[in-house]
Amino acid sequence: MEHGSLTNDSHASFTLAEEDHTLANAVRFMLNQDPRVTLAGYSIPHPSLECVNVRVQTTGDPAREVLKDACQELMLMNRHVRSVFDKAVSEFKVEHARLAAEEEKKKKAEEEELKKQRDLLASMDIESD
């Protein structure tokens, strides 16, 4: 919901329903990165309310458009983070599987060597006096 001025659309407050500090702080950060923004902040009206008030003041551009642009930039950033994370998880799984296979191969080789040594000892004819 937008609470803006009828005469100046470069200043507005927005209420984001069912949101908290997680989204509000990220949106505030993105807004403050925009050179068109002169003021960006948010508040939680009451801890028991699930809404956030975001205040945006710009150098002249419509506050609604600047907020929309900030949200789109945030979505792009999140997509990038997600793709980097997914790639890292895939690489980890491949490396983990490779290391597990190497470990299994090493374990089998050790077991085979131990079996050969036991067979050798069993085949030796040791006489006791």
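If you go along the chain as it appears here, the first residue is 1 and each next one adds 1.
Glycine too: its Cβ is placed from the backbone N, Cα and C atoms.
Within its own chain, the compositional bias 'Basic and acidic residues' (101-119) has no Cβ neighbours under 8 Å among residues six or more beyond its boundaries. Residues annotated as compositional bias 'Basic and acidic residues' in TrEMBL: 101-119.
The domain 'DNA-directed RNA polymerase RBP11-like dimerisation' annotation in TrEMBL covers 12-82.
Residue counts for the region 'Disordered' (101-129) under DSSP (helix as H, G, I; strand as E, B; rest coil) come to 23 helix, 0 strand, 6 coil. According to TrEMBL, the region 'Disordered' annotation covers 101-129.
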